[in-house]
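Shown below is the structure under consideration.
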Amino acid sequence: RLGPVVAYFTSAKFLLYLGHALSTWGDRMWHFAVSVFLVELYGNSLLLTAVYGLVVAGSVLLLGAIIGDWVDKNSRLKVAQTSLVVQNASVILCGVILMIIFMYKTQLLTLYHGWLLTVCYILVITIANIANLASTATAITIQRDWIVVVAGEDRSRLADMNATIRRIDQLTNILAPMAVGQIMTFGSPMIGCGFISGWNLMSMCVEYLLLWKVYQKTPTLALKSARVEESELKQLNAKKESDVKPSEGVQLIVEKDVSGFEPPQEKEVGCAARMAEPFITFRDGWVAYYNQPVFLAGMGLAFLYMTVLGFDCITTGYAYTQGLSGSVLSLLMGASAVTGIMGTVAFTWLRRKCGLIRTGLISGVAQFACLVLCAISVFMPGSPMDLTVSPFADISARLFESEPLPTIASPEEVFATGMPNLLNGSTTPANSDPEMSPEPVPLISVSLLFAGVIAARVGLWSFDLTVTQLLQENVVESERGIINGVQNSMNYLLDLLHFIMVILAPNPEAFGVLVLISVSFVAMGHIMYFRFAQKSLGKQLFVCRTPDCKEVADSSPPGNTSTV
């Protein structure tokens, strides 16, 4: 009776889940805590947090393709183990440096006129950025490559594994910041640093062992396709179609790519060529991404990052100015996690009933329909939108009247508001003093806003899983790393633009405009996906009903409608 249970808990699939849960838990704790640490260190100012967010976004934007290319060119086990060790070692080192700064901050301020402390700040941000880049490499190799190999040729199993990975992400997004927040609340920032460093040390050892176990249990992970010429690929595909069964075709290509591929003889490379290599890789990665059959689907997903309609410090900070308490915001974040998990369940059900591509269409329509509530909220009673107010009026007043800049709350208050953010920390409004609190405003507008945001998570996560699986199924094995690296760069680019948009219009009176712009970008993203689906399914976009037809249509690349 216990045989199937034991077999599941020792399977490669479960071990992959366990390793991902440990990795994600550590990531979420660190991303929440580092922003609070930087605020605490710099005298309750957002400067270091903003610099950290900018460095992280810019690094992934510039280095995403290069990281992906490194993932493609090296063995799976080497990539996974190297990125794991670099990521956790960087976090541990950062934690130790932060503990030293917290213990000796007063002395560091007096040494070399404070320049030594500035060097420590730069060191912390640099090492934390290295940890984030290593985390990006880990995500690409595990979530975009290993999971495909472990799932094998079973697409339904791949969909279930993708959905489970996202459920783990949703749970750790809420629980990990709560855990480290409690430690920082009842202890101190220094204790928080020590706990995170110790956790990452323990987690690194366990994850390293789990990766090795998964690698041993999945022999195909040792086989990795090398990049071959296009003409050779055509010959292999022709031979596969004429001489072998479909189930044997993939295995034949893998063996050809690994054992039959002869690496070119090494040539002496000049210094200039070595310096130009990263730029060439960057260019080639973006060109390859543009030429992918799922390019429009990937762009559609990236456009969804250009939005203020999420549970980051921007939207929750706006809600705080509209009269919602920190406890209410925490409950709303919990509700958003529940609807996100519902989205992963909806994805697996819709994919079985409608096929993968149609699941993306349905998810997009569902998300946009819910976000219409957010657009309506802009014009409802209680909305502070006033286009006559200059976005920079408040900033100008502070500059000319020499008013102090607003401060951020203590880590305890930050945790109480439930506003963790991966890039920009957590803030509370400047007028949190009860005597300075604004007049009560009608809650109709903000209620509609969050109702739309929370309900839209179902469609959002279902759509995210759809595009993720499309990339997994349609990108050739030898290019998975570089294509997903560029996809991460696109996501960060649009995310960076949305923060720039907020900087240009930071006051609550302009938030309604940001909401309308966000809804417009979401609509444009889904229009791109609709165009991709139209190319993929052709005339049978809304006609095909049989499971066989849906399965064949979903596996066809755009433009190849004759196979549908």
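Using N, Cα and C of the backbone, Cβ positions are placed for all residues, glycine too.
This is the feature table in TrEMBL:
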| type | residues | note |
| --- | --- | --- |
| TRANSMEM | 45-71 | transmembrane segment |
| TRANSMEM | 83-104 | transmembrane segment |
| TRANSMEM | 110-134 | transmembrane segment |
| TRANSMEM | 294-320 | transmembrane segment |
| TRANSMEM | 326-349 | transmembrane segment |
| TRANSMEM | 361-380 | transmembrane segment |
| TRANSMEM | 441-460 | transmembrane segment |
| TRANSMEM | 481-504 | transmembrane segment |
| TRANSMEM | 510-530 | transmembrane segment |
Determine whether the transmembrane segment (110-134) and the transmembrane segment (326-349) share at least three Cβ pairs under 8 Å, counting only pairs 6 or more apart in sequence.
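Contact between the transmembrane segment (110-134) and the transmembrane segment (326-349): absent.
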Take a look at 83-104, 294-320, 361-380, 481-504 and tell me which one has the most Cβ pairs under 8 Å to the transmembrane segment (441-460).
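Comparing 83-104, 294-320, 361-380, 481-504: 361-380 has the most Cβ pairs near the transmembrane segment (441-460).
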Restricting to CB pairs under 8 Å, which listed stretch, 294-320, 326-349, 481-504, is in contact most with the transmembrane segment (510-530)?
294-320
For the transmembrane segment (481-504), name the stretch out of 83-104, 294-320, 326-349, 361-380 with the most CB-CB pairs under 8 Å.
294-320
